[in-house]
Each structure stands twice: as C-alpha cells, then as structure tokens.
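Q: Feature list, courtesy of TrEMBL:
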type	residues	note
BINDING	A:Q37, A:L38, A:R39, A:D40, A:K41, A:N69, A:S108, A:K137	4-amino-2-methyl-5-(diphosphooxymethyl)pyrimidine binding site
BINDING	A:D70, A:D89	Mg(2+) binding site
DOMAIN	A:7-188	domain 'Thiamine phosphate synthase/TenI'
Number of protein chains: 2
Amino acid sequence: MREHMRLYLVADPAFAGTRRLPDIVAAAVRGGVTMVQLRDKGDHVGRFVQEARAVRQVLEGTGVPLIINDRVDVAHAIGADGVHLGQRDLPVRDARRLLGREAIIGLSIEQAAQLAHADLAAVDYLGAGPVFATATKPDAAPPLGLDGLAAIRTACGLPVVAIGGLSLDNAAGVIAAGADGIAVVSAVMAAHDVTHAAAQLRARIGG
Amino acid sequence: MREHMRLYLVADPAFAGTRRLPDIVAAAVRGGVTMVQLRDKGDHVGRFVQEARAVRQVLEGTGVPLIINDRVDVAHAIGADGVHLGQRDLPVRDARRLLGREAIIGLSIEQAAQLAHADLAAVDYLGAGPVFATATKPDAAPPLGLDGLAAIRTACGLPVVAIGGLSLDNAAGVIAAGADGIAVVSAVMAAHDVTHAAAQLRARIGG
C-alpha cells in the first residue's frame, strides 16, 4: 500500500482542457505516478462511468491502482481498485461492506482531531490536507501546514498521502514531515508536459 | 409494482423547512402515499445516509417501498428497496448488477424517443416528466404535456409514474392520459397538513 502512495495523481476532468483524460493519465503514469484517483464533481454520472472505464483501460497492466472519488457505486460498477472518501461522503464502514475486503479505501483527514471519530479499521490510507492553501478545491478546510501533517502522521500508523497546494517546491518538505507520498492535481494535470512534470516530482520525492 | 405507483412521494429535504423529514414522510404515508423516493441533491452524503436510515425506519412495516434517487451506493448501504435513476445517472444495467434482481429500479424518461436508447430490461418502472412546468426542479427538460405522456405510455408496457408540476387540479387528467400514478414533491411536501394533502390527491386519483 505505502509504495502506491508515493506520487498520487488526482485526475479531474475539470483540468483536462482540450486533452483526453485517459491520455493525460497515461502520460502521468509514464512519468512515475503510482496511484490514480479519478474525481468528477460534475452531475453527469453516466459520463463519469464512461470516463472511469476509459481510465481503467489505460491503467490495466501498469500496476497503478485506480481509485474513484466519492462514488462507491461508480467504483463498483467499473471494477475500480477502490474509493477515496471525504468527511461528508458515504461512511467508510458502508463503503467497505459494499466493496469487500480487497478494495482500497482512502479517507480524507483535515485535522488530527478527526482521527478520533474515524472508523479507521475500514480504512487503508489517509489523505491528509490541505497541507497548503489550494486554488483547485475552493471549498477545502483551512491548511494543516507541515506541523498539522506531522501530527496526523504521529497519531496514526496508516499510510498517509499529503494533498493540497503541493508542487516541486514543497514536495520534499512534506515527505520530511512524514508523509508517505504526495497527491497532486494541477502540478501534473495542468503541466504542458505531463510526463516530465510527474518525473520531476517523482525524482524530488524519491522512493 | 403498478399499485405502488399510485401516489409516489419525492421526499426532498430542501422542502422540509423546520420539520423533520421522517415525520413528513410518516404523515404522507398516513394520507395514502404508496411509494417514497428520497432525493437529496446536497453534497453531504453522510447526512443523506443518516436521513435515509431514519426514513427507512418510518416506512418499516407499512408496505411502502423506499427508493433512493441517484445514489446506488446509498441505496445499497441503507438497504433501500431500490433506486431512481435519471438520464445522466449511473446506467441502469450497472445499478441492476450492484443491487440484484429484487431491487426496484426506476428510470426518468423526458421524451418517448429516450425509450429507444434505454436498457428497459433492467428497469421496473418509468418516471415520465416533467409533464408540466415545475419550479421544484429548475434544470428539468421541457414539459411533455399530456400528449407526450400518452406517447410514452403507448410506447412501453412498464408502469409509468408521471412527474412535474402535478397537483390536485391536474392529477385526474394525468391518470386519464395513461399514467399508473403521479409523483409529487411540493404538492405534499409544502402542504400545511401533509396527511390531508396526500389523502386529497389519493382520492382524486382513485386506485
């Protein structure tokens, strides 16, 4: 599990521009992305399902797991490797019951105090953030900072992927604070050369 | 199935005001509601799950099925009787695979032409509408009118519940046009006396 956390791409079609999302994902994996979360906040679930199936095809045989944000039904329908759930999403225990023991279930943690209320036995990894302020998720909680990230790391043995405002400049510091990896959206999605951007990040993180 | 279509309540917490949604649903069932669809377009899925469990409790032993709008995962998690899916929701075939043979699966049809593209073998009933213009769903398709409703009725043998702008004034005409029943939102949800409003509608429809 922990090794899949290294460079975690949040693939959001809102950042795809005129490019095809599966192509962006394929390019990112060539650059060293170790896990892909597909996130679609639009209201066209049928399209999300089609898109998710196309991304799953691209990832087949690469060893890179595909995780669906929020929609446990979409994850189940397309045979994804798991789901990523926020604090307001389907409870992790219900997701585990639907998806079974083998599924990867990630949970967003916005502050260490949330760990006390979380059903961590149903969770495989934590997404901790936002570490820094971010423009890509305007409704995000206040930034954790590196101290807040370290507090989550200390409080819980689960693999932790840091998210929120991460880039080449601050990636190494986040790893030093204890994260197993970094999750990026625009740092890869919005790059002119997606493969190069992913490879640079991967080199900066190591692992 | 068809008898459950008679008076179909779309219970949407956006119309609950200061009242508890399960209380409104219980009052509506006392008035003769035959099926309840829970619809929550908010972004707090965890709360939706709690709410759905509370409504399920209220319906237990009444014989009135509980259907969840859009979220197949929520339906599965709370043990609802089925789901209602729109044209942009999870494909009905995927929903059938997730929920199994016994689940009730409804599909929204906005015009008869959509029947040709629908996987009707996976569908138990159709929600046809909006029959009339409605303020409760601002993103709805153009109204079908009674002729459009009759065209859907003729084209397909599945039970049809009519939706969109339905009230005491036009309910009987909709049944005359071939609908097995009517679905209402504000006509019951926004009523001062929910039980009375439901009973009046039920009397108008007959059945």
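Note that Cβ sites are derived from N, Cα and C of the backbone, with glycine treated the same way.
A TrEMBL annotation is a machine prediction, not a hand-curated record.
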Q: Between A:L38 (4-amino-2-methyl-5-(diphosphooxymethyl)pyrimidine binding site) and A:D89 (Mg(2+) binding site), what C-alpha distance do you get in Å?
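A: A Cα-Cα distance of 15 Å.
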Q: Which residues of the same chain, at least 6 positions away in sequence, have a Cβ lying under 8 Å from the Cβ of A:R39 (4-amino-2-methyl-5-(diphosphooxymethyl)pyrimidine binding site)?
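A: The answer is A:V10, A:A11, A:D12, A:N69, A:D70, A:H84.
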Q: List which of the binding-site residues A:R39, A:D70, A:D89, A:S108 have a Cβ under 8 Å from any Cβ of chain B, in sequence order, or say none.
A: A:D70, A:D89
Q: Between any two of A:Q37, A:L38, A:R39, A:D40, A:K41, A:N69, A:S108, A:K137, the residues recorded as binding 4-amino-2-methyl-5-(diphosphooxymethyl)pyrimidine, what is the biggest Cα to Cα distance in Å?
A: 16
Q: Using a 10 angstroms cut-off on Cβ to Cβ distances, just flag whichever of A:K41, A:K137 is the loneliest among these binding-site residues.
A: A:K41
Q: List the residues of the same chain that sit at least 6 positions away from A:D40 (4-amino-2-methyl-5-(diphosphooxymethyl)pyrimidine binding site) in sequence and have their Cβ under 8 Å from its Cβ, in sequence order, or write 'none'.
A: A:D12, A:P13, A:R47, A:F48, A:E51, A:N69
Q: Could you tell me the mean pLDDT over the domain 'Thiamine phosphate synthase/TenI' (A:7-188), as a whole number?
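A: Here the mean pLDDT over the domain 'Thiamine phosphate synthase/TenI' (A:7-188) amounts to 95.
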